[in-house]
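Student: The annotation transmembrane segment is assigned in TrEMBL to 7-25, 31-50, 79-100, 106-125, 146-168, 188-207, 214-234. Taken from TrEMBL, the feature domain 'J' covers 264-327.
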């Protein structure tokens with residue numbers, strides 16, 4: 001069935017940043033790219049207002065089996081816009097990995113370069129073109145140790161991967177004329193899995209930090225309520241009203257009433273759930289010595305952040321111990 005320009009423009013206007021028009025035209029790689037970047041950060045979506053007719057024409061040629069141009073031996077022409085998109089999306093994927101996956105083992109050597117390479121290759125596969133995935137990923141893995149531990153490492157890794165992808169660019173092989181189109185359900189299934197793989201680590205990180213923050217706020221509320229001990233009925237009413245949003249949000253974010261957040265603070269101090277107050281205090285004093293800013297002049301900013309986090313973890317666990325003893 002031939003694709004229509006009017007329908008493509010309507011989908012572009014309604015859900016363009018989510019890639020609906022690309023999904024309609026059978027450009028699944030481009031649809032996924034738009035879904036993960038909200039239309040190429042808005043710039044690519046706006047730029048497409050002049051390119052929709054060409055996309056529709058290519059989709060109809062594909063459906064009719066007229067793909068002679070891609071059978072030619074020479075590679076497609078170099079595109080500055082595609083190269084810039086590869087660099088930007090590679091950096092974007094790297095930043096998302098830094099936010100959601102930095103706690104994994106071998107992050108800087110394996111996870112980060114593979115994430116950047118995936119972003120670069122996704123742009124390489126948009127439209128009629130593709131590139132060599134393994135050479136792109138290999139370039140990322142080779143470049144990554146050179147900039148190990150640098151906060152700016154996604155930039156040079158993405159640049160190197162984009163150059164490699166551009167050198168090995170080629171047209172996608174034409175679809176066989178006797179093969180029916182893939183059902184929409186299976187296409188949506190694959191796109192959904194890719195979206196979950198991208199967003200799940202980032203979503204978990206956001207929700208985990210949200211739960212930890214709410215847990216800290218609940219301690220502040222508890223400290224205020226302790227001052228109302230001589231009005232037990234008023235304390236009970238205020239406690240219920242103030243902590244009700246906290247309980248609801250913890251249930252939504254998987255906080256489980258604060259257990260996950262408490263595990264986070266215990267992990268900061270490197271103590272177990274069964275650790276006594278003396279063990280927590282001992283670990284706190286040792287970590288303060290290690291991470292005191294005066295003892296780390298070469299990485300003062302990191303030490304300052306860790307020092308504050310250690311202080312907060314100790315105060316939170318100390319309040320928990322005191323509250324448990326009062327019970």
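The backbone N, Cα and C atoms fix where each Cβ goes, and this holds for glycine too.
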Student: May I ask whether the transmembrane segment (188-207) has at least three C-beta pairs under 8 Å with the transmembrane segment (79-100), counting pairs 6 or more apart in sequence?
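Tutor: Contact between the transmembrane segment (79-100) and the transmembrane segment (188-207): present.
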Student: Going through 7-25, 31-50, 146-168 one by one, which has the most CB pairs that fall under 8 Å from the transmembrane segment (188-207)?
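Tutor: It is 31-50 that shares the most Cβ pairs under 8 Å with the transmembrane segment (188-207).
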Student: Residue list, the transmembrane segment (31-50) vs rest of chain: Cβ under 8 Å, 6 or more residues beyond ends.
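Tutor: Those are 12, 16-23, 81, 85, 88-89, 92, 122-123, 126, 191, 194-195, 198, in sequence order.
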Student: For the transmembrane segment (7-25), find every same-chain residue at least 6 residues outside the stretch whose CB is under 8 Å from a CB in it, and list them.
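Tutor: Those are 31-35, 38-39, 42, 45, 48-49, 52, 55-56, 58-59, 187, 191, in sequence order.
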Student: Taking DSSP states H, G and I as helix and E and B as strand, how many residues of the domain 'J' (264-327) are helix, strand and coil?
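Tutor: Taking the domain 'J' (264-327) as a whole: 54 helix, 0 strand, 10 coil.
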Student: Return the average pLDDT for the domain 'J' (264-327) as a whole number.
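Tutor: In the predicted model, the domain 'J' (264-327) has a mean pLDDT of 80.
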